Amino acid sequence: MNTQILVFALVAVIPTNADKICLGHHAVSNGTKVNTLTERGVEVVNATETVERTNIPKICSKGKRTTDLGQCGLLGTITGPPQCDQFLEFSADLIIERREGNDVCYPGKFVNEEALRQILRGSGGIDKETMGFTYSGIRTNGTTSACRRSGSSFYAEMEWLLSNTDNASFPQMTKSYKNTRRESALIVWGIHHSGSTTEQTKLYGSGNKLITVGSSKYHQSFVPSPGTRPQINGQSGRIDFHWLILDPNDTVTFSFNGAFIAPNRASFLRGKSMGIQSDVQVDANCEGECYHSGGTITSRLPFQNINSRAVGKCPRYVKQESLLLATGMKNVPEPSKKREKRGLFGAIAGFIENGWEGLVDGWYGFRHQNAQGEGTAADYKSTQSAIDQITGKLNRLIEKTNQQFELIDNEFTEVEKQIGNLINWTKDFITEVWSYNAELLVAMENQHTIDLADSEMNKLYERVRKQLRENAEEDGTGCFEIFHKCDDDCMASIRNNTYDHSKYREEAMQNRIQIDPVKLSSGYKDVILWFSFGASCFLLLAIAVGLVFICVKNGNMRCTICI
């Protein structure tokens with residue numbers, strides 16, 4: 001008996017995974033959070049602190065002519081109390097005032113003291129010239145036990161004018177001084193307020209006393225006020241020191257009939273300097289340009305949170321203790337599961353999903369997989385483009401803050417010279433402005449950095465897409481599935497922007513036609529395989545039943561049913 005058995009095999013052809021190249025960016029496991037204009041706590045790969053919080057607890061004076069006044073108060077360098085004898089003339093880049101310093105010996109005060117102090121701090125030192133005043137009919141040697149050298153004395157730069165004898169009349173006198181130099185002169189004089197009317201009569205004679213001072217820009221009359229006051233340094237009297245700035249070729253005239261403390265020499269400022277009030281140690285072995293009462297700030301950061309009264313070339317004081325400046329792209333950490341599973345083609349993901357922590361030599365880069373294996377490489381062109389734009393960001397921020405805040409400084413310095421001091425609440429208000437501006441500037445720069453990083457990523461994506469054209473297809477995750485065999489040299493040409501599209505066009509088109517009609521996602525492959533197996537089994541069963549039916553019909557096979 002001839003029995004023919006036909007066997008059919010159903011072969012389901014599933015296309016193998018194509019070569020693939022993915023675009024990605026650098027990521028770290030733990031980034032740094034910064035604030036932008038639109039969002040707080042944005043995580044970035046890198047960030048730099050812009051607020052300095054540490055300093056050197058010393059006055060760094062290396063390379064500077066430093067004058068440490070010690071017990072001498074700065075204003076005393078003009079009038080000359082005993083504690084200031086060695087500082088009557090000096091040159092300095094840095095003037096240090098100490099808490100123990102005293103401006104006076106005989107009790108009194110300087111009018112518009114703070115404004116005068118500001119002028120002297122920036123003076124660069126003091127040079128002096130005799131005013132040439134001579135007197136007759138009076139005494140010029142008044143002394144006091146409050147100003148002691150070897151015995152009773154007086155201010156070295158002033159003359160205490162007294163009646164020729166006790167209770168004698170003081171003559172009306174007029175003295176003038178013309179500034180013949182090219183620089184402005186600082187002129188200081190005093191008005192003596194006796195401890196009582198009796199004391200005033202003893203020193204200057206009876207009658208009302210009047211002192212008049214005038215120049216082309218200044219005119220003022222003074223009347224002494226004798227009276228009982230608490231004793232200081234054994235004295236109940238007071239001396240009020242007044243001052244003016246005398247322009248070149250201008251003349252100052254003094255008219256008086258007693259109670260006048262006459263200047264002996266005019267003072268001239270030598271240049272520019274910086275003055276600070278501090279009690280910390282001076283160190284000639286370190287350098288600095290920014291000083292405050294607690295030491296030296298040597299930071300190159302744009303802001304500081306150490307002291308609002310720092311002087312010199314300083315970071316601007318802000319209330320915030322930290323303002324982080326983004327110097328890297330937005331961070332999207334790579335999930336640990338993907339790091340563990342990577343190695344199969346399907347595990348490679350592009351920039352749309354997550355960053356790559358393995359990309360350590362660049363900000364942007366590629367991953368590929370082909371028959372030769374897997375590889376990762378940075379794209380230096382896009383990385384360098386981003387770095388070039390971000391490098392110097394800190395310096396640009398310093399320029400912005402210095403320009404803006406120095407302008408405010410200059411405006412208020414002028415006001416300070418006019419009114420004698422700067423109101424504390426005004427300084428506090430300006431600190432608020434600085435703090436707000438600093439936070440705004442940093443947020444703007446952070447926004448720009450993140451936008452810039454995204455822009456460079458998009459540029460790289462467009463560069464690859466334009467090269468591959470229809471030779472590949474983007475899968476929606478930042479990866480391109482290539483429709484032709486692409487070895488390592490081929491992958492390198494894509495990265496280097498030298499890929500020849502036409503060279504692979506024909507192969508890519510043929511593979512695309514085969515793949516497109518049955519393009520299946522990996523999630524459905526198991527279902528199709530089981531369906532194919534079931535269909536094959538059903539077909540074989542149908543053939544077997546058909547053969548049995550034909551054999552029975554032709555008599556070649558007999559079927560007997562027993563009950």
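The backbone N, Cα and C atoms fix where each Cβ goes, glycine too.
On a predicted model such as this, the values are computed, not experimentally measured, just so you know.
Disulfide annotation in Swiss-Prot: Cys105 is bonded to Cys147, selected among Cys60, Cys72, Cys147. Per Swiss-Prot, the cysteine from Cys286, Cys290, Cys314 that shares a disulfide bond with Cys60 is Cys286. Partner cysteine of Cys72, as given in Swiss-Prot, is Cys84 (from among Cys22, Cys84, disulfide bond). Using a 10 Å Cα-Cα cut-off from Cys60 (disulfide bond), the disulfide-bonded residues that qualify among Cys84, Cys290, Cys314 are Cys290. Note on proximity: among Cys72, Cys147, Asn249, Cys490, Asn496, the recorded positions of the record, the Cα nearest Cys314 (disulfide bond) is that of Cys72. In three-state terms derived from DSSP, Cys490 (disulfide bond) belongs to a helical segment. Distance between Cα atoms for Cys84 (disulfide bond) and Asn30 (N-linked glycosylation site): 60 Å, as a whole number. When the recorded positions Asn30, Asn141, Cys147, Cys286 are ranked by how far their Cα is from the Cα of Cys490 (disulfide bond), Asn30 comes first. The candidate set comprises the disulfide-bonded residues Cys60, Cys286, Cys314, Cys486, Cys490. Of these, Cys486 has the most other Cβ atoms within 10 Å. Cα-Cα distance from Cys72 (disulfide bond) to Cys105 (disulfide bond): 10 Å (rounded to the nearest whole number).
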